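Reading through the structure tokens given below for one structure.
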Amino acid sequence: MACSPNTATFMSCFLFIMLFLHSGTVSSQLSSPSLYLTTCPNVYSIVHAVVNSAVKNESRMGASLLRLFFHDCFVNASLGCDASILLDDTTNFTGEKNAGANANSVRGYEVIDTIKTQVEEACEGKVSCADILALAARDAVVALGGPGWPVNLGRRDSTAANFSGANSDLPSPSFNLSDLITSFKNKGFTTKEMVALSGSHTIGQARCLTFRGRLYTDNDINGTFAAALTSSCPSSGGDNNLSPLDTTTPTAFDNAYFKNLQVQKGLLHSDQQLFSGGSTDSQVTSYASNYALFRADFAGAMIKMGNLKARTRKLL
């Protein structure tokens, strides 16, 4: 197996799994955020420093790390956040990296490699790749001005990927509101939590391929907004051209995403569905007018995301 293309990370993740197989008890209850204070106290500062440096170098990386974590957790929620998205193809399975929603889209692997390498140098075999992903996602949001939240720790790394799950479980940008509600409900999230988590689109970018249909076929789109996007997303070609999900403040974690939805400036079809005369309109309105409420609800939903059906073990 391989946690990533990086050889050092491969060996360190392999060692972590071997230690797991010969040590503590498996459970479904994560330990507290202070789990590594005695066994690997530097992990927190290492993750913070590497993430901050990466985001400072390229602000888009903040959204990429958050998305990497979401795409790890949301696939096969019976196993939760298990770093399976980091696994390369083997003779026994096809990795999740090349699934439809991930191929040429999910980024940040090299940042996780850097963190893992430094963590292994500080305390070999103590910290899982899955825990690093969870910490990096939180620190990425904070680096862009968003809320922090306590990250429970002790996740077990997966030894296999779920390619079919990555193709079937992740929400599509073409989803209608009912599809979104069902998709998140199947993972244990309420509609309110789904809207809060969708607010992560206040940062990041999307490929033309994912929103072309909205530009040229949707009726609930601001005309000026659509016209401005057609130059970078023509009716044919330019599939990988990028546009910000939040055109107002694309690199700040704020509530502008929800304000944009109120004036039909959601980039993805699935975005605008949150404010389309349906049951979630009132929640969008609340978040658009109350950033503190959105911050609190988003942080709470992220804690829940990180705790999804976690497979854990006790450190020696």
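Easy rule for this one: first residue shown is 1, then count along the chain.
Any Cβ shown, glycine's included, is placed from N, Cα and C.
A TrEMBL annotation is a machine prediction, not a hand-curated record.
As written in TrEMBL, here are the features:
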- His71: active site, proton acceptor (ACT_SITE)
- Asp72, Val75, Gly80, Asp82, Ser84, Glu96: Ca(2+) 1 binding site (BINDING)
- Pro171: substrate binding site (BINDING)
- His201: heme b binding site (BINDING)
- Thr202, Asp246, Thr249, Asp254: Ca(2+) 2 binding site (BINDING)
- Cys40-Cys123: disulfide bond (DISULFID)
- Cys73-Cys81: disulfide bond (DISULFID)
- Cys208-Cys233: disulfide bond (DISULFID)
- 32-316: domain 'Plant heme peroxidase family profile' (DOMAIN)
- 1-28: signal peptide (SIGNAL)
- Arg67: site 'Transition state stabilizer' (SITE)
Integer mean pLDDT for the domain 'Plant heme peroxidase family profile' (32-316): 94
From Gly80, Asp82, Ser84, His201, Asp246, the binding-site residues whose CA lies within 10 Å of that of Cys73 (disulfide bond): Gly80, Asp82, Ser84
Site with most surrounding Cβ atoms, counting all protein chains shown within 10 Å, from the binding-site residues Gly80, Pro171: Gly80
Candidate with sparsest Cβ neighbourhood (10 Å radius) among Cys40, Cys73, Cys233, the listed disulfide-bonded residues: Cys40
Set of same-chain residues at least 6 away whose C-beta sits under 8 angstroms from the residue listed as 'heme b binding site': Leu245, Asp246, Tyr257, Leu267, Leu268, Asp271
Cβ neighbours within the same chain of Cys208 (disulfide bond) - under 8 Å, at least six residues apart: Ser232, Cys233, Pro234, Gly238, Asp239, Asn240, Asn241, Leu242, Ser243
Cβ neighbours within the same chain of Asp254 (Ca(2+) 2 binding site) - under 8 Å, at least six residues apart: Gly145, Thr202, Tyr291
Which same-chain residues, if any, lie at least 6 apart from Glu96 (Ca(2+) 1 binding site) yet have Cβ under 8 Å of it: His71, Val75, Ser84, Ile85, Leu87, Asn102, Ala161, Asn162, Phe163, Gly165, Ala166
Cα separation, Asp72 (Ca(2+) 1 binding site) to Cys81 (disulfide bond) (Å, whole number): 6
For Asp72 (Ca(2+) 1 binding site), the number of other Cβ atoms found within 10 Å of its own Cβ: 29
Cα-nearest neighbour of Cys40 (disulfide bond) within the listed binding-site residues, Asp72, Gly80, Asp82, Pro171, Thr249: Asp82
Thr249 (Ca(2+) 2 binding site) versus recorded positions Arg67, Gly80, Asp82, Cys123, Pro171 - nearest by Cα: Arg67
Cα-nearest neighbour of Asp82 (Ca(2+) 1 binding site) within the listed recorded positions, Arg67, Cys123, Pro171: Arg67
Close in space, distant in sequence - Arg67 (site 'Transition state stabilizer'), Cβ under 8 Å, 6 or more apart: Val106, Arg107, Gly108, Ser200, Gly204
Spatial neighbours, same chain, of Cys123 (disulfide bond) - Cβ under 8 Å, 6+ residues apart: Tyr36, Thr39, Cys40, Asn42, Val43
